Amino acid sequence: MKIAIERYLAEQEKPNSDVDLRRKGARAICTEVEAECYETTNCHVKLSRSTLLRLAKGGRSITDFNAEKSWLNADETEAIISYAVELAKRGFPLSHRRIREHAEEIIRGRQGDALPESGLGKRWSDRFVEKHSDRLKAFWSHALDTSRARAVNPHTKEAYFDILEKEIIGKEEEDSIVPECIYGTDETGIQSGVGTTERVFGPAGKSVQQQQRSGGRENITVIVTICGDGTSLPPAVIFKGECFQSSWKQNNPLDATLGYSKKGYTDGEIGVAWIEDFDKRTKEKAAGRRRLLLVDGHNSHYTRAFLEYARLHTISVICYPSHSTHIYQGLDVIIFSVLKRCWTDERDGFERRSAQKVSKTNFLAIYAAAHVRALTSANILSAFRTTGVIPVNRDVITEDDMAPSLETSIEAALPFMPSTPVRAITERLLLRMAAPSQAEADEPEAGPSAFVGSYASDPRRTPSPTSSEIALCDLANTQFGYLIHNSPLRSTRPPPTHTTLEISPPRKRRYAALLEDDPRTEREQELQVALRESNARNENNKKRVSGMQAKSVLSNMYMRQSRSQLQAQEEEKGKKKSTRILNDGGPRLLTSDGVFNIVEAHDQTAEQKKRDKLSRKEAREAHGAVIAAWKAAEAGRLKRNIARRQDHKEAVAAWETDRDKAKRDKQKFTVTKPKVNLESPVPRPKKVEDSDEEDDEEQDGDAEHGSMIEED
């Protein structure tokens with residue numbers, strides 16, 4: 001309708017005398033705009049001629065009329081929509097209930113008690129989303145781990161592609177790695193009796209349609225390897241078991257390598273056997289050229305033996321950033337979802353045809369059909385292209401992919417982008433804060449004065465203080481002084497708050513009586529013009545203030561949520577820490593000298609700790625033997641002392657008898673009273689002081705060793 005109004009007004013400005021410039025009527029303009037709209041949007045929109053004429057003469061549209069009755073004005077509505085969109089990008093989308101709660105907070109902040117205690121209606125959010133369906137849409141949410149949300153960020157992206165590009169290009173004396181020498185590998189777990197859900201048909205009226213399956217949940221690990229030229233290597237299959245069983249010898253169409261482990265997962269020993277098998281299967285194609293292998297951060301990929309073998313056979317191994325395979329790894333992005341669907345089809349078909357369950361004795365043949373269907377050349381090439389490996393393309397990781405990491409980024413702001421002047425002042429203050437010496441960061445925290453640091457002296461006393469110095473000094477002496485201190489931010493710190501103010505609703509016709517009267521003098525006419533301009537400015541300012549207050553209310557709610565998350569992270573930080581070797585979460589060239597030296601040093605430290613632990617155990621055993629001998633000797637000593645005490649008791653009794661007799665006979669008794677002669681105790685042998693604290697065992701699966709057996 002807006003386009004039609006503009007065209008109608010433009011037509012009215014044309015002179016009506018010239019036949020060639022004859023004006024178009026309202027009906028013709030409506031028909032013309034309807035046709036253009038259908039041609040552009042493929043939607044029929046019916047425009048009313050009478051509505052066009054009424055609006056062209058200054059009438060109000062029903063949209064503008066309803067907007068005045070709305071609880072939210074245009075700026076507040078824009079704030080809520082922008083807030084919802086930004087939080088959705090960060091991985092924290094709003095639900096109907098939360099949109100309504102945020103709107104109620106804004107309305108109460110502006111209108112106070114004008115909003116009923118019951119709040120907005122239950123269907124208000126439905127109408128709100130429907131009204132703004134061009135910007136908001138309802139989705140069923142899918143879970144995204146917090147660790148995965150943090151991992152995909154601009155820093156890890158640049159670091160990963162820098163390593164990838166540098167390794168593919170190679171050094172000056174090296175040739176570039178060609179696509180047929182670039183490989184990606186990963187393992188996936190397959191449960192023999194469980195598959196993905198699928199769309200099925202059943203009788204009308206039922207709410208749930210069940211599907212019978214064997215239900216076996218024993219895990220079978222399949223290691224899949226794809227190549228940049230669109231081919232794939234035979235997989236490695238890891239069964240759960242204590243040893244290799246002859247019943248596992250079966251039809252093996254893919255020439256898969258078989259292995260076993262106690263829990264059915266890969267470990268360090270299997271990883272070494274796999275890299276040896278990988279080298280044997282790819283050596284002929286490589287023909288002496290460098291090979292590149294892309295892996296995830298599983299501990300079996302950076303054991304010392306694994307990296308030694310890869311370095312010796314010119315196999316460069318790059319590790320993806322931690323918790324980011326859902327973005328960077330082609331197998332996770334493209335292949336495995338297709339593979340799981342194909343596996344479900346093949347397994348269901350086998351159970352229907354044979355009425356048998358899938359087990360380790362028939363798994364390979366059934367899986368082979370799904371493997372061939374999923375790992376097509378097109379899918380493999382798409383996996384490398386989609387993840388930006390072949391060709392190297394950083395742009396495949398978009399801003400939307402990295403948006404969830406903004407929630408924990410040190411460069412992130414609130415969901416609302418501050419204005420340019422605010423950002424400029426913030427940057428200036430941050431630069432000024434970075435100027436003091438690093439020693440300030442090491443000072444103990446002791447009350448508000450600790451936050452003053454180098455701002456303790458009043459900069460106003462200096463010859464030429466800057467405005468930023470004065471602002472920092474004033475801020476340092478408030479309860480928010482921690483904002484400019486280098487100490488870690490704690491959830492116990494009071495966050496800055498915003499006090500909302502009631503804003504009077506806009507009036508339709510303010511000073512209407514003064515403005516409707518005809519001016520009698522030129523001065524009155526000027527005053528009416530000034531009053532109209534003042535009213536317009538006031539209304540615009542009121543809208544701006546209400547919009548700013550809406551953003552402040554939403555930001556305050558966001559800060560409360562962030563504070564709760566910070567408290568949860570502080571509690572999590574106090575728990576047991578990881579003992580992984582490479583725990584920074586970044587991408588790595590695992591075959592580089594730096595990483596290999598770290599792994600080698602870690603292994604040497606682990607071996608030394610193992611030897612120290614063994615020596616402590618031997619010392620404890622030796623000390624235990626000494627204690628046992630001491631206890632036996634003490635038991636003998638105590639036994640002998642008991643006998644001596646008994647003999648002494650009898651001797652004393654005889655001595656007393658003789659003494660009493662001599663006393664009766666009035667004879668002199670010169671015999672000395674018998675004394676007990678006890679053996680002195682031997683001091684308990686002292687234990688050699690050592691560290692009795694046992695080192696934490698790494699929960700990385702290496703304690704469960706497995707083996708791989710190559711199928712002939």
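Backbone N, Cα and C atoms are what each Cβ position is placed from, and that goes for glycine too.
Database features (TrEMBL):
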- 64-138: domain 'HTH CENPB-type' (DOMAIN)
- 436-467: region 'Disordered' (REGION)
- 559-568: compositional bias 'Polar residues' (COMPBIAS)
- 559-593: region 'Disordered' (REGION)
- 645-663: compositional bias 'Basic and acidic residues' (COMPBIAS)
- 645-712: region 'Disordered' (REGION)
- 690-701: compositional bias 'Acidic residues' (COMPBIAS)
- 702-712: compositional bias 'Basic and acidic residues' (COMPBIAS)
Legend entry - DSSP-derived helix, strand and coil totals, residue by residue, for the domain 'HTH CENPB-type' (64-138): 49 helix, 0 strand, 26 coil
Legend entry - pLDDT averaged over the residues of the domain 'HTH CENPB-type' (64-138): 82
Inset, instruction - With DSSP as the yardstick, break the compositional bias 'Basic and acidic residues' (645-663) down into helix, strand and coil residue counts. - result: 19 helix, 0 strand, 0 coil
